[in-house]
Each structure stands twice: as structure tokens, then as C-alpha cells.
Amino acid sequence: MPTTRQCSFCGHEIPPGTGLMYVRNDGTILWFCSSKCRKSMLKYHRDPKKYKWTTRYMKVR
């Protein structure tokens, strides 16, 4: 039975058969639910704690 994965950027669950697996040169495996999450992490180096649409969002105050 396929397992559900968790997005490395936003933290949402990824259903089996969807999403993208990205493998870095050091062997680290990153799972992304959308191109929005992939670009935010890899291209723009954004911090997921600063965006309300992620489950990792933390209010500063």
C-alpha cells in the first residue's frame, strides 16, 4: 500500500501518485506537493514560518 508523504515546505499531506520527489546532491530527499512549494524552497529560499498558507506558520506576536 502506498504511503502518504508530507510536503517539505508547507507541511500538507501529499496523496499517493501526486507530488514531486527532489533528491539533492548530498542524498537528502525532499517531497513537494506543488510547484509553488518547490520554487519557494529551492529557487527563492523562503522561510515557511513566514507564510500563512503553510502549516508551519508561526505568529511572531
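For all residues, glycine too, the Cβ spot is worked out from N, Cα and C.
The following features are taken from Swiss-Prot:
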- CYS7, CYS10, CYS33, CYS37: Zn(2+) binding site (BINDING)
- 7-37: zinc finger (ZN_FING)
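Shown here: features listed in Swiss-Prot, placed on the structure.
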| residue | record | CB count, 10 Å |
| --- | --- | --- |
| CYS7 | Zn(2+) binding site | 23 |
| CYS10 | Zn(2+) binding site | 21 |
| CYS33 | Zn(2+) binding site | 21 |
| CYS37 | Zn(2+) binding site | 25 |
For CYS37 (Zn(2+) binding site), what is the secondary structure state per DSSP, taken as helix, strand or coil? helix
Other residues with Cβ within 8 Å of the Cβ centroid of CYS7, CYS10, CYS33, CYS37 at the Zn(2+) site? SER8, PHE9, GLY11, HIS12, ILE14, GLY19, TRP31, PHE32, SER34, LYS36, THR54
What kind of secondary structure is CYS10 (Zn(2+) binding site) part of, going by DSSP in three states? coil
